[in-house]
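According to TrEMBL:
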type: COILED; residues: 67-94; note: coiled coil
type: DOMAIN; residues: 123-190; note: domain 'T-SNARE coiled-coil homology'
type: COILED; residues: 156-186; note: coiled coil
type: TRANSMEM; residues: 199-220; note: transmembrane segment
Amino acid sequence: MSLLEQYEQQYASLIAEITAHIGRLQQQNNNSERHDLCSKIDSSLPEAQELLEQMGLEVRELNPGQRSSFNGKLQVAQAELKRLQAEYRMTKDKQRSQANTFTTLDLGDSYDDVSISTDQRQRLLDNSERIERTGNRLTEGYRVAVETEQLGAQVLNDLHHQRETLQGARARLRETNAELGRASRTLNTMMLRALREKVVLYGVGVCFVVAVGVSLYLTFAPSSSSSVSS
């Protein structure tokens with residue numbers, strides 16, 4: 001496993017932990033437990049930001065194709081971290097506002113106090129559920145994006161191998177065409193040579209026939225002339 005993948009796993013685990021802490025903080029009424037949760041979140045958020053920076057440094061060392069892919073992941077991760085930071089600030093502000101409201105309430109009517117506290121608790125629970133559902137959707141979306149990216153990388157890898165195969169086949173085809181061209185030229189040369197040899201042979205044959213005819217003529221012609229004279 002590469003260092004970048006280790007950073008990704010650590011970041012995903014840390015984000016899940018921060019999300020869980022924020023969800024618990026939104027449902028928590030105990031001051032000491034809220035303080036502990038805030039301390040954990042305050043220490044985890046800078047750690048997550050530092051992991052993102054380390055991932056950014058590692059991404060710079062990748063080749064251009066991988067770099068563009070991981071830059072998209074970094075943007076998604078940075079957006080998720082900013083969302084958690086904003087959600088954490090809103091949660092603290094809401095709890096601070098609620099604490100101030102509880103301080104100024106008229107404690108003479110205990111029934112009204114219980115009713116207001118129950119309504120606020122219900123609203124907090126509803127908000128927490130909505131936030132949890134949103135976080136689950138974001139996590140699922142991130143998972144789908146990662147799977148899609150992996151599938152795209154696999155497709156690109158397959159296309160790259162197919163391209164190399166086609167280039168190899170094309171090179172072999174060019175070599176075969178060159179060999180056929182050389183063989184065709186050699187065959188033409190041999191045919192021309194055979195044709196020249198045949199022409200020469202026919203010429204020699206014709207010369208031989210003519211020579212034989214001339215010889216026969218010269219041989220029998222004087223004899224015929226002598227017979228006529230006698």
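Using the three backbone atoms N, Cα and C, a Cβ is placed for every residue, glycine included.
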Long-range neighbours of the coiled coil (67-94), counting only residues six or more past its ends (CB under 8 A): 4, 8, 11, 15, 18-19, 22, 25-26, 38, 41, 45, 48-49, 52, 55-56, 59-60, 131, 138, 142, 145-146, 149, 153
The domain 'T-SNARE coiled-coil homology' (123-190) - residue tally per DSSP class, helix then strand then coil: 68 helix, 0 strand, 0 coil
